[in-house]
Amino acid sequence: MDHRWGFLIGFLGAVGLLGSGHSGQQPPETAAQRCFCQVSGYLDDCTCDVETIDKFNNYRLFPRLQKLLESDYFRYYKVNLKRPCPFWNEISQCGRRDCAVKLCQSDEVPDGIKSASYKYSEEANNLIEECEQAERLGAVDESLSEETQKAVLQWTKHDDSSDNFCEADDIQSPDAEYVDLLLNPERYTGYKGPDAWKIWNVIYEENCFKPQTIKRPLNPLASGHGKSEENTFYSWLEGLCVEKRAFYRLISGLHASINVHLSARYLLQDTWLEKKWGHNITEFQQRFDGILTEGEGPRRLKNLYFLYLIELRALSKVVPFFERQDFQLFTGNKVQDAENKMLLLEILHEIKSFPLHFDENSFFAGDKKEANKLKEDFRLHFRNISRIMDCVGCLKCRLWGKLQTQGLGTALKILFSEKLIANMPESGPSYEFHLTRQEIVSLFNAFGRISTSVKELENFRNLLQNIH
C-alpha cells in the first residue's frame, strides 16, 4: 500500500512539474548573464567588489560629477590634433563627418582660461609668474654661451617631465587649439577595421610587457587562435608581478570603457531631418558577450572596474592639492569659480569616504633598486602609449584618446607622488608637486568617462535582461 502511494505521489509530482514548465532543463541564459557573468563579486588584486562600486558611482557620485564637467573650467581642453605620428608615416585619415572635431573660436573660450591664470587667485598668480620668470632667468648662468643656456633650459624641462607618465602637448604651439568637449562628445564615429586594430595592437603587443611568443586572445590581426592560446596568455598574465599585471589591466579597462561609450552613443538613425543616437545592444554584445567573445568580453568589463578603482584612489589622494585656500578653478567668473570649487571639494570628499579604496602600497615595494627600475619602465611604457594616440586616424577618437591617456597618466603621477603631496605648502605655489590645468581637466574628464561607463553598464544590464 505504501509503495503504491509513493509511486502515485511521485507520478503526480512529475506531471505537475511538466505542467508548470519546470522541467529538469535550465532556462536559457539571458544576454545580460552572458555579458556580465564575471562582472560581480570581488575584483582580482583588490578588496573591493563590483556591487559596492556600482552603488557608490551610480547614485552618489555620477550626477554631481557630470554637473562639474559641464562647467566652463572643465569643458574647454587645449589639444594639438596636428602632431605627426612618431611611429609610422602612413595614417589613413577618417573622412567621415562624425570623425571631425569642432574647434573653438577665440571669443568662445573664457578669458580667464586663455590667460592661464587657473591655479591661484589673480594676485597670487601674478606674483607666481614673476617668481617663475625670475627663477628661469636666474637658473641659467648668463656668462654661459647662448647655446649652452638653451641646453641647460632643455635639461630643466626634461627634469620637469621625469615624473610625468604622458608626453603632453605643447599648449603654446600655434597648432594647439581649444575644444569644447560638450560639443564634441565621445561616441561611435564609424572608425574601425585594420587602422583602428593597428593602434590597439601596437599598444598591447609592444607596450604591455608581453613577449612575442605569448598570443593575445581575440587579436584581429593574428592568424587564428584557440583555447590553448587563451590559457597560455592568462597563465602568463597571472605569473607576472603585480605591477605589470596591473598595467595590462589598466589598458584593457580603458579599451573596454571606450567600447562601452561607443555602444551607448551609437548612430541609430541618420536622415536629412535628424540624427538619432542611443544604445546599440547588438554592438555591445559583439564586444562583450561571453559566448561571442569566447569569454574575453566579461574579463574586459571587470578590468574596467579595476581602472575605476585606480583613478578613484588617485583622486582621493590628491585632495590636499585642491583644498589649499588660494587654489581656484579660475575662469574669470568669481561667483561661478567659487561655486565650482565648492562642488569639486564635495565630490573629492565623497570620493575620500569610499570604504574600499585600492591599496597601491603593494606597488614597487620590493628591492629599492629593482623597484625604481620597474617604476621607470612602467612610466616609459605608458608614456609611449600616450604618443601612439597621435597615430589615430579619426580626429574625434584622437581627441578623446589623448585626453583619457593624459588623465590616466595624471592619476598614476598622483599615486606615486604621495610624499610630495604630503609636503606641499599650505599656500602659494607648490614646486615639488603641481598639476597644470591640462592635467586637472584631463584627470576629471577621464574619470568622468569611466564613471559614465559604469553607469552605462547598469543601463545595458537592464536592456539585455529579457534578450536570449
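These residue numbers are counts, starting from 1, taken along the chain as shown.
For all residues, glycine too, the Cβ spot is worked out from N, Cα and C.
Between Cys99 and the candidates Cys85, Cys94, TrEMBL records the disulphide pairing with Cys94.
Cys394 is paired in TrEMBL with Cys397, the candidate among Cys241, Cys397 named as its disulfide partner. Checked against Cys397 (disulfide bond), the recorded positions Cys94, Cys99, Ser252 differ in C-alpha distance, with Cys99 being the nearest.
The separation of Cys394 (disulfide bond) from Cys99 (disulfide bond), Cα to Cα, is 5 Å.
Closest to Cys94 (disulfide bond) by Cα-Cα distance, out of the recorded positions Ser252, His255, Arg287, Cys394, is Cys394.
Cα separation, His255 (FAD binding site) to Cys394 (disulfide bond), rounded: 16 Å. Comment: FAD site residues Arg187, Thr189, Trp200, Ser252, His255, Arg287; largest CA to CA distance 21 Å, whole number. Counting other Cβ atoms within 10 Å of each Cβ, the lowest count among the binding-site residues Thr189, Ser252 belongs to Thr189. Spatially close to Arg287 (FAD binding site) yet at least six residues away along the chain are Asn259, Ser263, Thr293, Gly297, judged by Cβ distances under 8 angstroms.
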